[in-house]
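Written out below as structure tokens is the structure these notes cover.
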Amino acid sequence: MLDSKLLRSNLQDVADRLASRGFALDVARIEALEEQRKTVQTRTEALQAERNARSKSIGQAKQRGEDIAPLMADVERMGTELSDGKVELEKIQSELDSILLGIPNLPHESVPIGEDEDGNVEVRRWGTPTAFDFEIKDHVALGELTGGLDFETAAKMSGARFALLRGPIARMHRALAQFMINLHTAEHGYEEAYTPYLVQAPALMGTSQLPKFEEDLFKISRDGEADLYLIPTAEVSLTNIVSGEILDAKQLPLKFVAHSPCFRSEAGASGRDTRGMIRQHQFDKVEMVQVVEPSTSMEALEGLTANAERVLQLLELPYRVLALCTGDMGFSAVKTYDLEVWVPSQDKYREISSCSNCGDFQARRMQARFRNPETGKPELVHTLNGSGLAVGRTLVAVLENYQQADGSIRVPEVLKPYMAGVEVIR
């Protein structure tokens with residue numbers, strides 16, 4: 001979340017910057033609450049000082065043999081008023097905190113200004129889409145032809161937006177995840193982690209999925225115990241490794257990577273991508289998270305994005321990189337690059353990775369800090385996250401870009417060591 005001090009001291013400037021994201025900050029309400037808070041706090045502090053003085057005078061009056069009953073009554077009355085003032089302050093602060101939790105991050109000055117995805121700016125492209133000399137099939141048809149993709153059986157078990165993978169296609173799905181993890185750990189310096197798939201609300205609060213995006217989550221209610229949520233991304237569990245920690249500066253940067261299933265209700269996706277594996281309730285993803293010093297986070301974003309790009313380059317899949325505009329960025333991001341891979345059957349690029357610098361937005365919620373070696377004082381870290389990559393969508397891209405005229409699929413060179421001798425899926 002944003003720094004409350006920044007909000008109080010630069011309220012209109014913050015509102016103007018948020019407006020570029022299409023977010024209307026209720027300046028009048030915040031100003032009114034701040035005025036109430038100051039009034040109650042000033043009154044409470046004055047009352048506390050007066051009560052302290054009266055309490056002191058009770059002892060003095062007692063020594064002089066005076067009647068202390070009136071003073072005792074005053075002190076008791078003031079105690080009640082102080083309790084009432086504390087309750088009032090807590091109520092005001094609770095509303096301010098609620099407003100603060102609903103405010104998105106401030107965009108970096110380098111982020112393009114725009115209202116929606118039409119305002120995104122293409123940064124670069126890599127590779128050239130194949131010019132097929134036969135009628136291409138989409139991944140659903142290819143999967144059904146080879147017997148490796150079964151949506152009907154999955155729907156019978158679980159309903160819409162689920163897939164059953166079998167045989168060589170299931171192996172390729174696993175191979176992709178193994179290849180990505182091996183690349184990021186061996187060449188990009190990430191530490192592999194295996195994390196819980198179920199987390200409590202504070203973990204999701206820390207990474208900003210809660211309270212704003214609860215409808216996108218799958219929740220498990222338990223009698224007498226804290227509710228649990230299925231993770232929508234391993235970003236949640238990886239980033240929360242540093243929740244509540246004060247790190248030594250020498251430990252930074254921390255770079256974590258995990259392969260996990262992800263679970264999303266897709267509450268706002270009705271009617272979109274209903275065919276195939278593009279948008280699922282359950283999908284696998286390899287997630288990268290970095291925890292860095294504030295001065296290095298923008299440079300780290302470039303490196304994180306390059307790490308995700310390297311997966312696509314080694315798979316020889318054409319892609320492009322977009323700098324997301326202010327109106328299309330995620331809630332917690334300062335700046336985001338999206339990677340979009342070429343999907344031949346759709347004749348367009350589709351998102352396969354989103355790489356974001358969240359600045360200190362998540363760290364402030366989690367109280368994730370490092371000790372500044374120059375001042376000796378704890379300061380908030382910066383956190384970054386990115387898909388490296390979404391495994392299901394990468395499988396879609398491989399199936400379609402490596403298809404042959406007879407409906408078979410060539411195995412990319414970098415995946416062959418993981419495929420037990422299979423070079424063509426038929």
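Backbone N, Cα and C define each Cβ position, glycine as well.
Of the residues proposed, SER158, SER353, SER354, SER387, the one Swiss-Prot records at the same L-serine site as THR233, ALA234, GLU235, GLU287 is SER387.
Checked against Swiss-Prot, the range among 43-63, 106-126 recorded as region 'Disordered' is 43-63. Taking the Cβ of GLU287 (L-serine binding site) as reference, residues of its chain lying under 8 Å away and at least six apart in sequence are, in sequence order, THR233, ALA234, GLU235, LEU238, VAL257, ALA258, HIS259, SER260, ASN385, GLY386, SER387, GLY388. For the binding-site residues THR233, SER265, SER353, SER387, the greatest number of Cβ atoms within 10 Å around a candidate Cβ is found at SER353. Its Cβ taken as reference, ARG264 (ATP binding site) is surrounded by 20 other Cβ atoms within 10 Å in the chains shown.
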